[in-house]
């Protein structure tokens, strides 16, 4: 099982073996010294070159590696710790703790390369995953075991929504979450850890980080590390898990780097020729089974805002819902800044949601769309030139817009107002009332930053006083 390093080209390392040939994806361990410090490096077999030579991808920096160093094939792929002990801790791609906390003995390890659940075990039920966030549950609901794309520029609130979802899953569904930082900025990973600590959600989430400064192997495989931890919660503990990936684009990007390093001929826009199959293999593992489910929320960076770029276009094929954050909405002070007209979901179907929910959702969208169409007239001629019917539409649309805002639990520290979880029934009832004109006499301000409609009524009473 011992081999010798024969070539080092940055993150690509060739290893020669005599009487043993490691399988593709098998892990190889190397110990070496740099400036008197002993380092352990894991390599993953990517190609067989013939003559018992394998080409591997390094999972960490390869500085200090030299030809002739001894390498040991481990006989199995990279395996990472799983189970409840991983909660509240930060791991790197090979499952080592990197949070400088106390050491833990993990009794269970799973390989990061796994097959998706067989068809007969997969659940075919279309169920809604209640998040407690009004705008999401009403207009672009998430599917249990589905995949959601979270689109938004910098500073619009992607991280806050992710943290609120982790909070609501922990407290309402008493479920666990896994966060995979794929090609994240180290600063963002650090901020997220401290924000979670302050918001008291850390003990319900496992964090896996492969930062921007790490080699492509680590940035690519970190997504599999996180997914493996989530699969254990689903398959062995029968839980509904939430899996966050930030950012799924970096998964494709690091795959392209690895592909080029291995000498494969690039495909469109320089991406790897295996882009669609790599993404498919990964996304197929995120699914509902009869035991439990993994619902994933994936932040998607769109290079140069070009939605036809192969990387985001490949992700779209797998998504069940999209939550689009809009800077213009954030500038109005409406948080979460989810765009009610741009966000979509395949769950928005009367056969899944029921006629009532569907009608209210479509009614809300129709009113908001009409308001959007009237904005030019209002800007040029003012409100007085509108017909009575249009004035009423604008009035209701402005109330709906404000009622789509909501105080978050994880933002209590900044806003000073306590967070609210709104159940689906209360959510539908509130918006139905606005559409039916029940609350036409109430001031707009009563609907801003409240939970359910009863709170809006109480706020209106306060404003009167």
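Using N, Cα and C of the backbone, Cβ positions are placed for all residues, glycine too.
Per Swiss-Prot, the feature ATP binding site maps to 152, 153, 154, 155, 156, 157, 158, 159; the stated evidence is sequence analysis.
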- [ ] Please work out which residue of 154, 156 has the most C-beta neighbours within 10 angstroms of its C-beta, and give that one of the binding-site residues.
- [x] 156
TODO: For the recorded ATP site, whose residues are 152, 153, 154, 155, 156, 157, 158, 159, find every other residue on that chain with a C-beta no more than 8 angstroms from the centre of their C-beta atoms, and list them by sequence position.
DONE: 325
Task: Same chain, 6+ residues apart, C-beta under 8 Å of the C-beta of residue 158 (ATP binding site), given in sequence order - done: 150, 152, 246, 299, 325
Task: Among 152, 153, 155, which are binding-site residues, the residue with the most C-beta atoms within 10 angstroms of its C-beta - done: 152
- [ ] Measure from the Cβ of residue 159 (ATP binding site) and count the other Cβ atoms within 10 Å, all protein chains considered.
- [x] 19
Task: Protein Cβ atoms within 10 Å of residue 157 (ATP binding site), excluding its own - done: 21
